[in-house]
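Engineer: Just passing along the structure, written as structure tokens.
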Amino acid sequence: MYEFDWSSIVPSLPYLLDGLVITLKITVTAVVIGILWGTMLAVMRLSSFAPVAWFAKAYVNVFRSIPLVMVLLWFYLIVPGFLQNVLGLSPKNDIRLISAMVAFSMFEAAYYSEIIRAGIQSISRGQSSAALALGMTHWQSMKLIILPQAFRAMVPLLLTQGIVLFQDTSLVYVLSLADFFRTASTIGERDGTQVEMILFAGFVYFVISLSASLLVSYLKRRTA
């Protein structure tokens, strides 16, 4: 019968916390940039100017049709060359974390865009017409009238997508980036406690995701 050995967890906590910080950095960065870029894409897709709408639609369709792990690898290969040529960074600089942040931000923006677009379309067109009648421009009505109402209703959905993003960050193992999951796995391989460390990592992901889910449920009740 297998005997669990949890003794390596406590001594490894500093390394695990460092890995968790990297995971949270990727998550927070991708959520913030993803929502900002996703909002722009949503507005562009609703534009009456066809080329702009086509670009936004093509962007969303492309990123939603490609596996995330492939996007991570693409940006891992593209971003270093871009930064070296534009910013003059040395090839020796480790920019795996930046590559991961860019990849997740661009990928998640496609999903946030659809959430935000649906939120905008849920607002009565009468409000936009009333704003235009008062002398506001289209962009002013979008900024001051439509988006604030749409975001209030969308907060639970945006946070839910953020939870999915947090769980997906474990895929950065393909970049050999020492996030929380990879750190736990590496420690398990080193100490011969692979099962225990993976179970512990899963428990931490569960606790954080459950806490965030409870927050989402609370916000849903508040915004209902």
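Glycine is no exception: its Cβ is also placed from the backbone N, Cα and C atoms.
Here Swiss-Prot flags 20-216 as domain 'ABC transmembrane type-1', drawing on sequence analysis. As annotated by Swiss-Prot, topological domain 'Periplasmic' applies to 1-19, 89-94, 176-196, with the evidence given as a curator's inference. The feature topological domain 'Cytoplasmic' is assigned by Swiss-Prot to 41-67, 113-154, 218-224. According to Swiss-Prot, the transmembrane segment annotation covers 20-40, 68-88, 95-112, 155-175, 197-217.
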Engineer: In the topological domain 'Periplasmic' (176-196), how many residues does DSSP call helix, how many strand, and how many coil?
Structural biologist: 15 helix, 0 strand, 6 coil
Engineer: Within the same chain, where does the topological domain 'Periplasmic' (1-19) have neighbours whose Cβ lies under 8 angstroms from its own Cβ atoms, ignoring anything closer than 6 residues to its ends? I mean 6 or more beyond.
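Structural biologist: That would be 178-184, 187-188, 191-193, 195-197, 200.
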Engineer: Would you list the DSSP helix, strand and coil counts for the residues of the topological domain 'Cytoplasmic' (41-67)?
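Structural biologist: Once the DSSP states are binned, the topological domain 'Cytoplasmic' (41-67) shows 20 helix, 0 strand, 7 coil.
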Engineer: What does DSSP give as the helix, strand and coil breakdown of the topological domain 'Periplasmic' (1-19)?
Structural biologist: 7 helix, 0 strand, 12 coil
